[in-house]
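Structure, as structure tokens:
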Amino acid sequence: MAREYKIEDYRNFGIMAHIDAGKTTTTERILYYTGKSHKIGEVHDGAATMDWMEQEQERGITITSAATTTFWKGRDGKMRRFNIIDTPGHVDFTIEVERSLRVLDGAIALLDANAGVEPQTETVWRQAEKYNVPRMIFCNKMDKTGADFYRSVEMIKTRLGATAVVMQLPIGAESDFKGVVDLVEMNALIWRDESLGAQWDVVEIPDDLKAKAEEYREKLIETVVEIDEAAMEAYLEGNMPDNDKIRELVRRGTIDVKFHPMFCGTAFKNKGVQPLLDAVVDYLPSPLDIPAIKGIDFKTEADIERHADDAEPLSMLAFKIMNDPFVGSLTFARIYSGKLEKGSSVLNTVKDKRERVGRMLQMHSNSREDIEEAFAGDIVALAGLKETTTGDTLCDPLKPVILERMEFPEPVIQIAIEPKSKGDQEKMGLALNRLAAEDPSFRVKTDQESGQTIIAGMGELHLDIIVDRMRREFKVEANVGAPQVAYRETITRQTEEDYTHKKQTGGTGQFARVKIIFEPNPEGEDFKFESKIVGGAVPKEYIPGVQKGIESVLSSGPLAGFPMLGVKATLIDGAFHDVDSSVLAFEIASRACFREAAKKAGAQLLEPMMKVEVVTPEDYVGDVIGDLNSRRGQIQGQESRGIAVVISANVPLANMFKYVDNLRSMSQGRAQYTMTFDHYAPVPSNVATEIQAKYSGQK
């Protein structure tokens with residue numbers, strides 16, 4: 001079967017935003033207008049197509065990013081293929097956003113016109129910056145009370161440090177919002193309410209907006225000509241670019257991430273969605289417009305690139321594992337190069353295992369269609385893969401490559417969990433392992449001392465939903481303990497330790513001597529190992545044993561047994577024995593060496609500090625600040641946002657449990673907050689003593 005759509009007609013994009021900015025509703029409208037849905041699903045009815053897990057429909061939030069393929073006819077009459085990924089906006093599910101952005105070519109950032117740039121908008125924006133994803137902005141909810149398009153434009157500059165190129169102006173606001181002014185064509189689009197937004201009239205720009213439209217068109221042209229010398233010169237000589245040239249320059253600037261075209265509308269009231277779809281075609285990149293994916297040659301470790309071309313060897317990235325009630329485990333993958341046929345064998349280069357593609361599916365939210373083959377640029381779901389996990393590379397076994405890996409955040413909260421009936425122990429283990437395979441930010445471990453099962457994740461809601469899914473999907477009822485903070489330990493000063501491991505038990509003995517400098521790692525929280533051995537005091541083949549020995553102890557620090565961060569170790573001297581030395585002997589020596597050194601190196605307890613933003617009516621500001629201070633919070637600042645006040649603070653996670661209930665009663669339900677992990681910080685000594693006393697007995 002040949003390729004149906006040329007690769008230049010593909011648009012792989014995601015929709016990203018703060019929770020409640022209207023992402024799922026916008027996606028529903030896109031599916032409706034592109035003909036994939038016959039009835040519009042509303043989130044508040046629990047009927048949205050993209051939100052297919054039961055918990056999503058109950059809570060009205062999106063948890064997993066559903067991938068959907070649909071089609072749209074551009075302004076030129078040509079059909080385009082859209083692969084859309086709907087991502088969650090709740091901070092506990094940031095991992096979903098991160099891995100979606102990794103495999104997308106472009107994104108639409110949604111803003112709530114009333115709130116503008118919110119904390120989670122900043123978080124997902126930063127993630128998109130990290131992967132250099134071209135973005136457009138859609139200022140949604142223009143029909144909402146307090147909607148202010150121009151303030152949102154300003155906030156993009158002040159809060160995100162980004163340049164928005166305004167492409168449309170709103171006609172009216174709040175309940176009077178009727179349509180938009182198109183600043184390229186210089187006309188107005190007014191939607192007909194009775195047609196569910198499917199039809200609109202193109203009319204002249206209203207008189208009261210003509211001057212503003214001229215002003216903003218001028219700004220638009222000024223910004224876009226800056227990226228092209230010839231266009232800039234022509235403009236300075238008084239020659240204005242024509243409309244096609246403006247679109248071409250906007251496209252170039254968007255793909256190069258120089259600026260972000262901005263549109264407005266209200267997805268819920270069905271206004272402004274079709275011009276947004278035209279803009280996806282006009283301004284977001286096809287797989288051919290973005291740089292080739294980088295990787296390393298599996299055999300030679302040389303840097304290589306794979307281009308978006310069916311003729312190149314197959315390479316794809318598994319970016320999500322999902323448990324499907326009908327098909328079993330599904331692996332979502334983005335094909336970067338080559339083509340994939342059903343039944344073919346691929347190599348997982350991260351695990352060095354071959355996998356056979358049993359079935360290949362194209363997903364529409366939670367319905368599916370079997371396909372025989374897929375091509376460069378496609379996003380597909382594969383059934384039958386046994387070894388593959390999120391972030392793995394799958395490729396042609398004859399031309400193996402390892403694509404750039406994804407990075408996943410460390411969990412900040414953990415709870416003990418046990419099945420309500422002893423007979424469910426095995427079932428619970430199976431369920432948790434399945435869920436951990438789907439979500440790399442969720443971890444499961446067994447506490448060595450107590451034998452308890454511990455689950456760890458990105459927040460209370462994250463773990464609530466895991467427990468909930470276990471009950472619904474795997475029929476396992478569980479008891480959960482109180483949430484516990486994922487503390488860490490570090491060292492604060494340099495120390496040098498000389499340790500000799502000697503054991504003689506008849507026959508071959510064990511001997512290893514190491515001299516190591518331990519100090520805080522100036523480069524960050526990771527462990528860094530260096531060898532400065534000269535003259536063969538420790539043979540080269542034993543040095544990996546020294547590193548492995550230290551790493552094995554980092555999982556349990558000297559104060560209360562928490563994992564250690566930010567340690568640097570430098571091996572400077574040692575000794576070996578021709579017969580009795582081995583890698584294992586050096587592993588044992590370095591392990592004991594670090595245990596001794598850690599006691600002398602000023603071990604310190606660290607706790608996760610959270611960036612908290614509270615949006616509250618002015619009446620409650622004093623109470624909110626007083627309460628945050630009582631939680632050991634450090635107030636970072638406050639600003640007005642409309643009639644509300646936004647308070648920013650850094651607060652230890654340990655003091656934020658059940659904060660939502662406190663805030664609700666303090667503000668009579670009128671204040672809201674968001675919380676994201678910010679950094680690890682030293683625990684004050686009086687609090688550290690309590691924590692050590694509590695945990696030392698458990699470890």
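Glycine residues also receive a Cβ, built from the backbone N, Cα and C atoms like all the rest.
Following the DSSP three-state reduction, the secondary structure of MET142 (GTP binding site) is coil. Marked as GTP binding site by Swiss-Prot on the basis of sequence analysis: 17-24, 86-90, 140-143.
As annotated by Swiss-Prot, domain 'tr-type G' applies to 8-288. A mean pLDDT of 83 is what the model gives for the domain 'tr-type G' (8-288).
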Inset, instruction - Please report the DSSP secondary structure of ALA17 (GTP binding site), reduced to three states. - result: strand
Inset, instruction - Could you say which of the binding-site residues ALA17, MET142 has its Cβ with the most other Cβ atoms inside 10 Å? - result: MET142
